[in-house]
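Heads up: the structure comes next, in structure tokens.
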Amino acid sequence: MDSHSGYTGGKSGLFSNVRQGVFWPPALLVIGLLVMGIVDSEGFLNGANAALAFAVGQFGWMYCLFVFLFFVFVAFVAFSPIGDVKLGGEKAKPILSYWNWWAIALCAGIGSGIVFWGVAEPLYHFHNPPSLYGGTPESTGAALDSMKISILHWSFHPYAIFSVFGLAIAYSHYELKQPLKASTALYPIFGTRLQGRFGQFIDALCIFATVGCVITSTGFGTLQITGGMEYLLGVPQSDAMFVVVVCGLTLLFAFSSYTGLQKGIRFFSSHNAKLFIFLLVFIFLTGPTTYFLNLGTESFGGFLGDLLKISLWTDSFQEGNNWVGSWTVFFWAWWLTFAPILGVFLAKIAYGRTIREFLTVNVLAPATFSVMWIILYGGGAIAMDMETGGTLWSVINTKGVEYTIYEFLKGYPLSALTLPLALIVVAISLITLVDSGVSAIAEICTRKVKTANGEPPAGMKLFWAFLVGSMAILFLLIAGVAATTALQTTSIVTGLPILVIELISMFGLMKAFRERRIRNRKRQAEAEQKVAVAEPVITLGKTG
């Protein structure tokens, strides 16, 4: 078995191999927040919102600046000579095909979110343009501006956030021989100091952020799925329906996690990616194709032309009623909460690939797909809204964001086919999201234990899977939607320290790359010196 994936040693039993300082703090904190939500959900939500408002208001500029630096960094590394470095060594063989690798990167990242917000967000900005552009609501200018902003929020920048963390962990794990955990991203800067409580604190913080993120994603995903079932089948949303859906999702992502990378998440993500592509091609062929081509060319060109402006806009004079904090900074903070744990997962499946391949598959390929989705679904929604006098916008305001995708697809042919497919895509995307998170959390929480397939112990993965499912039910049914929102907000607040951790990780990568270049130059100089010394000996041997 390859050294990159093996687990060795350890006693039997679920909790006998747990890293106590990493496992218990986030687990107890989430349980404590649940109790707080049950006792005073409104107070919990108000406190969480106040903390988020402070983080966004005081440090919004950091989110905008640093996330843009992450984007620039991955672009630079992808085109630099360091991109040729193979993670795991020259003899390392990949564990996934390009297709399965890309499918996992797409579905485990922002897959489920883009299904709904890919339609809804352009409509928000179309009807309420940000002060950055100062456009007239519902105008053609507002339509183009809304596309540029939506592309910013759902394409290259989010995947750059995930990939900087993933690359930092992968490089330290495969090249510097460090454990596969979130704190490993900081190894080039802090070295062996991560082996103590400092490293445990970093891992525990990342786990708390991700557990909160996964629980709330499951909770809100359940609301979206039951909303779709109500729209399609006429089954009203109810507590009983919430329990049925969460239990079904929990069993599926527990099964996916239990069966491991090669049988679980690979299977789900591969089929889900095919459904994504079908829904994309279907809208392109049955919709206003020429309009899509024109809009795509113009809006993506506008995005590239305004890249610096929209990436670094902080609304210094607050002309937009904290628009940046409510949209751009909120999204960046949300992606950051999941970045460390997803980074662990991305690092694990990158074995045998070059750094350039890592960035191509984890940034360029899924981001390109997201751009196309925004153009077709977001652009199509704007066109439909303009033609019908604001039908989709009315759905958002009267029913909610989760209904918009279904109303949009209803306006196209074969809606009896595409509507259920959209619901399936949402469900499977949520399963792959939770599976990747659960697997990475189990990896970080557990000491090395011998398993046949190089996966974390199945019992630990099942524990976290069922904990996430049960907590999602408790938050939704007992604490309520307000407490679930408060947990999401609390998780997002942790995006601020994670932002700093990722920035340090990026500088650590730069340091590690520089040290690698110095070592390679030194080896090359030594080799040339040996050749220079050997040449006279060879010459003397020939003449003597």
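Cβ coordinates are placed from backbone N, Cα and C, and glycine is handled just like the others.
What TrEMBL records for this protein:
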type	residues	note
TRANSMEM	21-39	transmembrane segment
TRANSMEM	59-79	transmembrane segment
TRANSMEM	99-120	transmembrane segment
TRANSMEM	156-174	transmembrane segment
TRANSMEM	201-220	transmembrane segment
TRANSMEM	240-261	transmembrane segment
TRANSMEM	273-293	transmembrane segment
TRANSMEM	329-351	transmembrane segment
TRANSMEM	363-384	transmembrane segment
TRANSMEM	417-441	transmembrane segment
TRANSMEM	462-486	transmembrane segment
TRANSMEM	492-513	transmembrane segment
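Between the transmembrane segment (99-120) and the transmembrane segment (417-441), three or more CB pairs separated by 6 or more residues in sequence fall under 8 Å, so the two stretches touch. With a cut-off of 8 Å on Cβ pairs spaced 6 or more residues apart, the transmembrane segment (156-174) and the transmembrane segment (59-79) reach 3 or more such pairs and are scored as touching. Outside the transmembrane segment (59-79) by six or more residues, the chain places 156-157, 160-161, 163-164, 167, 311-314, 324-325, 328-329, 332-333, 355-356, 359-360, 363-364, 495-496, 499, 502-503, 506, 509, 513 with a CB less than 8 A from a CB of the stretch. Note: the stretches the transmembrane segment (21-39) and the transmembrane segment (273-293) are not in contact (fewer than 3 CB pairs below 8 A, sequence gap of 6 or more). Listed by sequence, the residues of this chain that lie at least six past the ends of the transmembrane segment (462-486) yet keep a Cβ under 8 A from its Cβ atoms are 14, 27, 30, 33-34, 36-38, 41-42, 44-45, 47-49, 211, 214-216, 218-220, 222-223, 239, 242-243, 246-247, 249-250, 253-254, 257-258, 434-435, 437-438, 441-442, 445. Stretch with the largest number of CB pairs closer than 8 A to the transmembrane segment (492-513), among 240-261, 329-351, 417-441: 329-351.
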